[in-house]
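Below is one structure, written out as structure tokens, with a few remarks after it.
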There are 2 protein chains.
Amino acid sequence: MGQRIRFNAFQMNAASHQSPGLWTHPRDSAHRYTDPQHWVDLAKLLERGVFDGVFLADVLGVYDVFGGNHEAAVRHGVQVPVNDPLALVPLMAQATEHLGFGVTCALTYEHPYPFARRISTLDHLTGGRVGWNIVTGYLDSAARNLGLSNQLGHDARYDLADEYMDVVYKLWEKSWADDAVRRDKATGTFTDPAKVRPIRHAGTHYQVPGIHLCEPSPQRTPVLYQAGTSPRGVAFAARHAECVFISGPTETVLKRYVDTVRGGLVAQGRPADDVLIYAQALVITAPTEAEARAKHRELLEHIDVEASLALLSGWTGVDFSKYDPDAPIEHVDTEAGRTALASFSQTDPSRKWAVGEAARFIGLGGRGPVIVGSASQVADELERWVDATGIDGFNLTYALAHETMRDVVDHVVPELQRRGRYATSYSDGTLREKLFARGPRLGAGHAATRVRI
Amino acid sequence: MGQRIRFNAFQMNAASHQSPGLWTHPRDSAHRYTDPQHWVDLAKLLERGVFDGVFLADVLGVYDVFGGNHEAAVRHGVQVPVNDPLALVPLMAQATEHLGFGVTCALTYEHPYPFARRISTLDHLTGGRVGWNIVTGYLDSAARNLGLSNQLGHDARYDLADEYMDVVYKLWEKSWADDAVRRDKATGTFTDPAKVRPIRHAGTHYQVPGIHLCEPSPQRTPVLYQAGTSPRGVAFAARHAECVFISGPTETVLKRYVDTVRGGLVAQGRPADDVLIYAQALVITAPTEAEARAKHRELLEHIDVEASLALLSGWTGVDFSKYDPDAPIEHVDTEAGRTALASFSQTDPSRKWAVGEAARFIGLGGRGPVIVGSASQVADELERWVDATGIDGFNLTYALAHETMRDVVDHVVPELQRRGRYATSYSDGTLREKLFARGPRLGAGHAATRVRI
């Protein structure tokens, strides 16, 4: 029996996430993203499927690289409109007992002092089921609307991020002692002031002299997720992350990311298996292979090339409106563009790829693989990806909300459980305890617990 | 039959709010503020009592004026620990159908672009039941932790606030046309890009060129609450507010505030009754007068003078640790301090007041009156305050969570209903419709709808 396979659900508080044309499918219900019941239903479904958690993506800007404006993104609903992901956590937590929440918050967009309080609040209200996907932000449009003339450079964002992490670690881990709060009605001592310390942070980017505003929450620091695969991003993840999300179209690409991340951990003095790695994937399944293939064909008809290129342009910073969809990808005259497209063409190097074909690849399921078949076939395939790449599980996207997830929960989860490769129930405790079977808090070796105040 | 009397519940995501020593009472349960069920219970209770809403106070700092440090505030739990109020809204909205939510957010502490999205998200998820209590922030400790060397001056804060309001109004009211979102699966048009406009805001404090990230929510702009009673605060309220919170210990003080606010509205070209005014009050009631008076005596024993002075020092900026609690209030050598204390002494000008006695006044129910008696006596008293001052209702604080609110709902609400002075059910629609029996959106005369982009 192989190692356990883990599932996260990859979602966004928007009508369209990783399969940008699929909202046009008659059975898609993602446009219900403004209805709380949409999220309550999802949370209950995922908990029934013993998912580790729901991972909420976010952008604080629009995909306006394609054509130099927001028109294509707006027309196709490409991650716009997009609502605040944090508001979904209390909702979904109320409807569940165990499901975890990994919320994307770009640290360049909010000051660490109020942010630390927001997360502590959610960790309290969820009984310690909150994770934070640390991103530094990649859309210039977001930076511009925050009054910055443009995004900080990539490495500069990570330098700022390191200081940001120091500030929130000091607030979460060091400001309040475990036994600071007494609630001693007899002496009138709610909190022992000697056990609450100002963090006195005086850095390059932030000055935070005071105490954290929140008493220690079940996890103190939320479970830390990261998704960077650049050298600086990997170094950041190796220092901070407990879980890593990766996305790539082939086993080769994924294995390279996995090796890089695990190598980065070792370089930081952490065990290679100290993080859980989830790879993005889309599973299309049904009771029989024939039905699954029919469903897949039906979904393919809803791919939208322009919408996909708008997404890809935002991810890469390359304006793909300049290229004929029929042009061979070698005609793309920027290296970033060619590299992005070439990675998709590796899924089938036997033929010549055009720009539009690469767009069609990401049009269903984004940058990850699409795995189609009966439960048994999908399970075989998932096991193969895990065993070949060294990932710990999958960050599963949807084509249709919530049908795709329901299919996985109803068909694939029971099959993996029969094979002994998937949890049949949750363990107790906080999200961190469920993931790592250690304590509710970060261990002494982690950067968070080593900060000094 | 007089006009309808309205109730809001004045709460905070903290263990101690307006009656700073009362957490030591055996029956108080406010320390359960980190438990979602605490808030769900409250929301259901208030909806049973047909309250207009729950008003969530907030500070993003500590009360560290008293003694020049945070010790007294921390020891007595004086509004610290304090969690993020916004996280409570999705929770309480899920448990109710009609209750409104007025959330305090200091606009000097978050950039308007992400803030506008946070509020739009909540307005969507609550079906249009969100209000925003606009505050400019009054604690230096908050400003310092955000990296500002100190708070902006009082009037400068309001100038910045006016620009902030322009930005959020543009985002909420002007960026997306009502018919922008099409969700037309046949043509693949999620949103008509011609109906979504960048706001192109280029101001003194903020540069926001882009579009709002959210589609129009039920109310677009949340119901706007304000609490300032300074001349600049009143001018701000007269321009922006739909509801105003005031607090004062006597009818004379309240009537002066009411007249000032209503006069300010007229000066801005708005009808004098264009805002609903809620005055802070604490109601102590029980089935009989004797039981209510006994309960009141019991509560008085839990007042904490030091905790009250810590609160008052934060509100006024005057360090009251420097004065003997037995000193007559005339001995206070700052005008702000004397003025604050003198207003409480007006509740009983027949005797000499000392500093500690003024602290005891605010120690139970803060700056508002404490109304004690049977349901019938309390109803008489509330009617009298409304008729004498011109307020529309009360912002009711609690001494004990949630006993104080339960007593009001069980005893006072039915009594006022019998008298025809309190609603017996909610009307349909958004919070704005429930409050004003007009449409879900702000009217054409409001500053929000007059901004241009």
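First residue shown is number 1, and so on along the chain.
Glycine is treated like the rest: Cβ placed from N, Cα and C.
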Select one of A:ASP52, A:ASP58, A:ASP274: the residue that TrEMBL places in the FMN site alongside A:THR104, A:HIS154, A:TYR158, A:SER230.
A:ASP58
For the binding-site residues listed here (A:THR104, A:SER230), tell me which residue's CB has the most neighbouring CB atoms inside 10 Å.
A:THR104
Mean pLDDT for the domain 'Luciferase-like' (A:27-388), rounded to an integer?
94
What whole-number distance in angstrom separates the two most remote CA atoms of the FMN-binding residues A:ASP58, A:THR104, A:HIS154, A:TYR158, A:SER230?
19
Non-local Cβ contacts of A:TYR158 (FMN binding site) (under 8 Å, 6 or more apart, same chain)?
A:THR136, A:ARG232, A:GLY233, A:ALA235, A:PHE236
Judged by the number of other CB atoms within 10 angstroms, which among A:ASP58, A:HIS154 is the least packed of the binding-site residues?
A:HIS154
When DSSP is mapped onto helix/strand/coil, what comes out for A:THR104 (FMN binding site)?
strand
